[in-house]
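**Student:** This structure is in structure tokens; I'll ask about it shortly.
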Amino acid sequence: MTDQHKHGYLVGGEVHRAFIKPQHDKPWTAVQYAAVEVDDYEHVTDEDQQPGKKTLAVCEGCIILGTHADMKATADHLLANPSQLETNEVMGSAIIGDRYRWKNGKIPFRIHPALRDQYRVYDAIKHWHEMTPIRLEPHSAGSDYVEFVPGSGCASAVGRQGGRQEIIVGPGCTTGNLIHEIGHTVGLWHEQSRIDRDAWVEILWSNMDPRYSHNFEQHITDGIDLNYYDYGSIMHYPSNAFSRNGQPTIRPRRNGPEMGQRSGLSVGDIAAVRAICSRI
């Protein structure tokens, strides 16, 4: 089993350039993503139906930016109209913008009937309920909700996107992986994407599989740092993420907990979520 599959990353596909914009008053920001083909469960309503295929734009191994077609269309337009592009170097661990917040901290959810071992989802939800003010509630009405669907890896969009959005749950996704993905849905980026990352960790590019090096670029411009850098965050990459030789790709510059744990939310994670909830 590869490290990528072990940790639930969606990998493969060509790397493309895209542009994201968190709010109308923020500039467009260039990112890189992998075009990854996945099963399309949006119009599949029961376990016996066979899903079609769609290609997602996935950055950092498990963050869904949207579909490849939509990202490419936006990039083509902006590259043809470069005056619309600006630069911004602010980055962090929580997405900025009220439109990405779930109203009152409540996230309506569905579980696709074809998803096996659904206890993983319920155990992850139970952990979030025990540790934070966030509440995932069965979807009954309203257009904004998240659906847990089968897939080949683990992935989620960051924050509320509007309408139906997915958390992809592969056979190897553990309860801990799903706690991590729900963290993205709540609005958390990866910990090592913070603006102060280089003061806390060293990225060992020479040990990295070059096909996946784009996953380590500090490109998040629509975030805000919350509290201190947390090696023990469930949102942190493991030390050997995307390694080509089994050696570390991330080296801590200070003493601290092991990076990349998927046991549960850390004290820092809980504090960050409470900071988000205080702004809802």
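Cβ atoms are placed via backbone N, Cα and C, with glycine included.
From TrEMBL, for reference:
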type	residues	note
DOMAIN	93-280	domain 'Peptidase M12A'
BINDING	HIS180, HIS184, HIS190	Zn(2+) binding site
ACT_SITE	GLU181	active site
REGION	243-263	region 'Disordered'
**Student:** Within 8 Å of the Cβ centre of HIS180, HIS184, HIS190, which other residues of the chain have their Cβ, at the recorded Zn(2+) site?
**Tutor:** GLU60, CYS62, ILE63, SER156, VAL158, GLU181, GLY183, LEU188, TRP189, ILE234, MET235
**Student:** List the helix, strand and coil residue totals of the region 'Disordered' (243-263) as derived from DSSP.
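**Tutor:** So the region 'Disordered' (243-263) is made up of 0 helix, 4 strand, 17 coil.
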**Student:** Using a 10 angstroms cut-off on Cβ to Cβ distances, just flag whichever of HIS180, HIS184, HIS190 is the loneliest among these binding-site residues.
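**Tutor:** With the binding-site residues HIS180, HIS184, HIS190, fewest surrounding Cβ atoms within 10 Å: HIS184.
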**Student:** Over all shown protein chains, what is the count of other CB atoms within 10 A of the CB belonging to the residue listed as 'active site'?
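**Tutor:** There are 27 such Cβ atoms around the residue listed as 'active site'.
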**Student:** Can you grab the distance from GLU181 (active site) over to HIS190 (Zn(2+) binding site)? Cα atoms, rounded to a whole Å.
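**Tutor:** Distance (Cα to Cα, whole Å): 10 Å.
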